[in-house]
Amino acid sequence: LPLLLEATLLRLASGSHHPFYNGFYYNHVMNDKGKGQEKVVYFNGAKLVVETSKDPIYSSSGANVTLPCHYHYEPNLEAKRKIRIKWSKLRDDYTKEQDVLVAIGKTYMAFGDFQGRTHLRQAGQREASLVISDVRLQDDGKYRCEVIDGLEDESDVVDLRLQGIVFPYQPPRGQYRLNFHEAERVCQEQGAVLATFNQLFQAWSEGLDWCNAGWLADGTVQYPIRLPRKPCGGLHLAPGIRSYGPRHRHLHRFDAFCFSSALRGEVFYLDHPAGMTLEEAKQSCQDAGAEIAQVGQLYSAWKFLGLDRCDAGWLADGSVRYPITKPRVHCGPAEPGVRSFGFPSKGRFGVFCYKER
């Protein structure tokens with residue numbers, strides 16, 4: 001990029017803490033004429049309007065998705081300058097926005113994890129839609145589309161939601177052993193990420209009831225209750241999401257609520273007449289051209305692929321679980337779900353393996 005253009009792009013990307021990002025800190029003139037009313041005067045004689053989808057855009061892990069964004073002028077006006085476009089991702093904890101992409105004309109620059117995965121779709125006139133390929137779990141969230149025409153600067157927000165499943169997670173050491181950063185790590189180790197509040201709320205609306213408090217992505221600690229009871233906030237409270245609010249990310253310890261999305265591969269079960277130890281189970285998956293499944297992969301296969309197996313099997317974290325979509329005698333409770341035997345130090349079981357398609 002020419003040095004001047006590159007400097008302009010970097011200035012646009014780094015200025016997200018200001019109300020406007022084009023080097024000026026205003027886009028209208030105040031003139032109350034002594035009557036206490038604000039009069040807006042647009043420098044090019046027309047109002048810039050930016051519009052995105054009012055409904056959430058749904059996608060899944062590994063897919064490609066387009067976040068729509070269009071702009072126009074009121075009254076209609078032909079832009080005489082190159083329009084500048086900036087996409088940023090809003091953070092769950094309301095800290096500084098994450099830069100995604102900035103563009104001037106047909107030249108653009110992507111940032112961070114979005115490098116090589118994002119570009120603008122400008123198929124139609126005055127379109128600034130963002131294309132994200134190979135969608136990742138952490139891409140879930142709200143995105144701001146900002147259009148800058150000279151001194152005019154307008155934006156709108158679109159919500160990208162991944163189709164997925166929230167599951168509570170405790171480490172082998174037991175309940176309430178994870179600070180925030182450890183919770184982030186254990187979710188990643190299970191093919192997942194820490195869930196957002198919106199994801200937990202969606203899971204609660206679909207029936208998730210869990211009395212142990214867990215970390216969420218914004219640093220708060222919450223838990224979903226469908227059936228109020230004494231140990232879970234009290235008998236006389238309404239169903240809902242119970243919240244401890246923000247907790248100290250290093251000192252306080254809880255469980256975790258993890259979020260996993262649809263799979264690109266398949267989860268399958270292997271058994272041996274005498275069962276297997278954990279190490280033997282890992283080797284059996286490798287012999288089958290696969291790897292031992294993570295907890296998030298088992299939950300995803302249960303939810304999205306209807307995996308139903310009444311045989312307990314090892315998973316990568318050393319736990320033993322099995323997924324039931326059609327409850328029946330000798331297969332646990334009367335509700336569908338992923339059953340857990342915990343983290344047995346001894347015993348021989350089958351194994352759940354995962355293989356990419």
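Any Cβ shown, glycine's included, is placed from N, Cα and C.
Caution: TrEMBL annotation is automatic and unverified by curators.
Over in TrEMBL, the protein carries these features:
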- Cys211-Cys232: disulfide bond (DISULFID)
- Cys310-Cys331: disulfide bond (DISULFID)
- 46-158: domain 'Ig-like' (DOMAIN)
- 165-260: domain 'Link' (DOMAIN)
- 266-355: domain 'Link' (DOMAIN)
> From the Cα of Cys331 (disulfide bond) across to the Cα of Cys211 (disulfide bond), what is the distance in angstrom?
Replying inline: 23
> When you measure from the Cβ of Cys331 (disulfide bond), how many other Cβ atoms are you left with inside 10 Å?
Replying inline: 15
>> Across the domain 'Ig-like' (46-158), what are the DSSP residue counts per state (helix, strand, coil)?
In response: 6 helix, 60 strand, 47 coil
> Since the record lists Cys232, Cys310 as disulfide-bonded residues, which of them has the fewest other Cβ atoms within 10 Å of its Cβ?
Replying inline: Cys310
> Taking the Cβ of Cys211 (disulfide bond) as the centre, how many other Cβ atoms fall within a 10 Å radius?
Replying inline: 14
> Which whole-number value in Å describes the distance between the Cα atoms of Cys331 (disulfide bond) and Cys232 (disulfide bond)?
Replying inline: 27
